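According to Swiss-Prot, the protein carries these features:
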ACT_SITE  CYS221  active site, acyl-thioester intermediate
BINDING   ARG89, GLY90, GLY91, GLN92, VAL93, THR94, TRP95, HIS96, SER190, LEU191, GLY192, GLY203, VAL204, ALA205  substrate binding site
DOMAIN    50-278  domain 'BPL/LPL catalytic'
SITE      LYS187  site 'Lowers pKa of active site Cys'
Amino acid sequence: MPNTMQALNTQPLNDTLITKSITAADYVPTLDAMLSRTLARIALKKEQGLRTPDELWIVDHNDVYTLGQAGKEEHILQRTNTPIIKTDRGGQVTWHGHGQLVMYWLFDLDSVGWSVRNMVSHAEQAIEDVVNDCLKSPASTDTIHISARARRDAPGVYIYADTAAEIDSAHRSTDEIKVDNTIMIGKIASLGFKIKHGFSYHGVAINLNCDLSAFNAINPCGYAGMQMLRLADFVNMNQATTPQPNNPTLTDDAKTITYEQFTQKLIDNIAQRHAGVIPLRELAPK
C-alpha cells in the first residue's frame, strides 16, 4: 500500500514551518520523497530566489534497518527478514519501526539562521525537554531518578541515572559514562542528518513504546553493547504503537501518555525553536 501523507493537526508559531504526517511508511519511498522535495526547494532558491517553508515530517515507519554513510556491515550482527537499506544520512546503523517516533527535518539552515551544529543541538535539546517533562509528570514510573541529556562525543539523547540509585541489569549499558554523579544507562533517541546545499533532510528517531528486541540484531549507531531504551520503560504509555486519532493534548496531570501527545509536545517545542522563541542551552559536557 502506498504511503499516505496528510497535514498534522498542529499550530506552529510562524508560517515558515509546515508539518506533515506519513503512516505505515516504507523507507525507500519516503527517502525518495524527502530527497525530491529537498532538491525542488534548492532549485527554487537558486534559480528563482524563492524561499519555501521548512517542513517537519512525522513518520511511522514499517520495520527497517538503515545504514548511514559511515555504516559498516560488521555492525549488523544477525540477518533477519527486516530490510536493510543503505542511505545517505550521517551515522551508522539503526532500526525504525512502529512505536518509534521519527521526525525528518527538511530545513533551509540559512533561512532559519542555524549552523549544522545548531540544528543538531536544537534537535537534541528539544527531545531532552519533552522526555524530561514526561519523566517529571504523574505518568512517570521512574524509581532511579533519571534524566535525558545529550553528549558532545556521541550524537543522540541518552538516559542518565543518579549513581546513588539501585540500577538493575535491564537498565544498564555496557558503555557506561559518568557525568556529575550520574551514570549513563542507555540511549533513547538517535540522530542522523544529511545537508545538501545548506538544506537538511533525514532527522531524529525517539523510542516511545516500540519493541526494542529489533536492536539486538545490530550494534546500535555502531556502539557494541549500547543499551537502547524507550520512554515506556519509565512512563505509563498507551499501548498503541501507531498514531491514533482524536487523542487529547498532554496535560500536566495526565497519568498516561500517548504517542500523539508526546508527538504534539515535541512539535510545539521544535516550532518555538524554529521561531527563535527557545534558545540553545550551553552544550552538554563530554
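In case you wondered, yes, glycine gets a Cβ from its N, Cα and C as well.
Less than 8 angstroms from the CB of GLY91 (substrate binding site) sit GLY68, GLN69, ALA70, GLY71, PRO155, SER190, LEU191, GLY192, CYS221, GLY222, each of them six or more residues away in the same chain. Following the DSSP three-state reduction, the secondary structure of TRP95 (substrate binding site) is strand. Averaged across the domain 'BPL/LPL catalytic' (50-278), the predicted model reaches a pLDDT of 88.
Pairwise Cα distances among ARG89, GLY90, GLY91, GLN92, VAL93, THR94, TRP95, HIS96, SER190, LEU191, GLY192, GLY203, VAL204, ALA205, which the record gives as the binders of substrate, peak at 15 Å. Note: the Cα of VAL204 (substrate binding site) and the Cα of LYS187 (site 'Lowers pKa of active site Cys') are spaced 13 Å from each other. Residue density at VAL93 (substrate binding site): 25 other Cβ atoms are found within 10 A of its Cβ, drawing on all protein chains shown. Under the three-state DSSP scheme, VAL204 (substrate binding site) falls in the strand class. According to DSSP, SER190 (substrate binding site) sits within a strand segment. Other C-beta atoms found within 10 angstroms of the C-beta of TRP95 (substrate binding site) number 26, with every protein chain shown included.
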